[in-house]
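According to Swiss-Prot, the feature ATP binding site maps to 44-51, 168-179. Per Swiss-Prot, domain 'ABC transporter' is recorded for 12-248.
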Amino acid sequence: MQEYTNHSDTTFALRNISFRVPGRTLLHPLSLTFPAGKVTGLIGHNGSGKSTLLKMLGRHQPPSEGEILLDAQPLESWSSKAFARKVAYLPQQLPPAEGMTVRELVAIGRYPWHGALGRFGAADREKVEEAISLVGLKPLAHRLVDSLSGGERQRAWIAMLVAQDSRCLLLDEPTSALDIAHQVDVLSLVHRLSQERGLTVIAVLHDINMAARYCDYLVALRGGEMIAQGTPAEIMRGETLEMIYGIPMGILPHPAGAAPVSFVY
């Protein structure tokens, strides 16, 4: 197996952060340290504060109160380039990639290491090709991104994050527009990348069963408050899920011994 640099020391810590807009609190005071080198799923109902929290981690909006630390340093103390070398963010609504091939899209990930006028060298080309191979798109590297299937397109964007060589990936609903086969494809890829490279991954996920299967840790929000956190085995209990989603839910053991499977009564 090829050896990769392991980045399992990188993580975020939240100190009593909150987020408010006029007349409404979207995220109530929250303190939390995300497990380093693991996949953490942010789960909860629509409007629970998952994407708000992820955007704060990605510096797209500052907290109204409290402090966010990245590797024990205040988030605002990082320069834009240094932050991009540590953290890569994939929004739910992907920006257009019209006229770009997979290889050209993935190459954008090298921008934080050079800037707009920096030279693209042999080491960069190696990083790009490595990322394309890691996500299984080498045969499609010359194809236009717009011509790919939904799952292939999502893998191309993830390859761009890999080429960015960041230590933490922030993914906002990376499977929301995919069928179940492509959901499995993308989430298994994300989990494998985390294991092989020690990447810290924080992902907003709606499907609790997918989250339990592919995440190492779960953080549950309801109404802007964190109401549960723990391993999938700790979260996948009927009373806990009912508290998170507000409806009666049951649990069945997985026939193959994986994470338990939830269902609605």
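Yeah, the Cβs are placed from backbone N, Cα and C, and that goes for glycine too.
Projection of Swiss-Prot feature records onto the structure.
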{"residue": "GLY44", "record": "ATP binding site", "Cβ contacts under 8 Å, 6 or more apart": "LYS50, ALA220, LEU221, ARG222, ILE244, TYR245"}
{"residue": "GLY47", "record": "ATP binding site", "Cβ contacts under 8 Å, 6 or more apart": "none"}
{"residue": "LEU169", "record": "ATP binding site", "Cβ contacts under 8 Å, 6 or more apart": "VAL87, ALA88, LEU90, ILE158, LEU161, VAL190, LEU193, LEU199, THR200, VAL201, ILE202, ALA203"}
{"residue": "ASP172", "record": "ATP binding site", "Cβ contacts under 8 Å, 6 or more apart": "SER51, LEU54, LYS55, TYR89, LEU90, PRO91, GLN92, ALA203, VAL204"}
{"residue": "THR175", "record": "ATP binding site", "Cβ contacts under 8 Å, 6 or more apart": "GLN154, HIS182, GLN183, VAL186, LEU187, LEU205, ASP207, MET210"}
{"residue": "LEU178", "record": "ATP binding site", "Cβ contacts under 8 Å, 6 or more apart": "GLY150, GLY151, GLN154, VAL186"}
| remark: Counting every protein chain shown, other Cβ atoms within 10 Å of the Cβ of LYS50 (ATP binding site) number 25
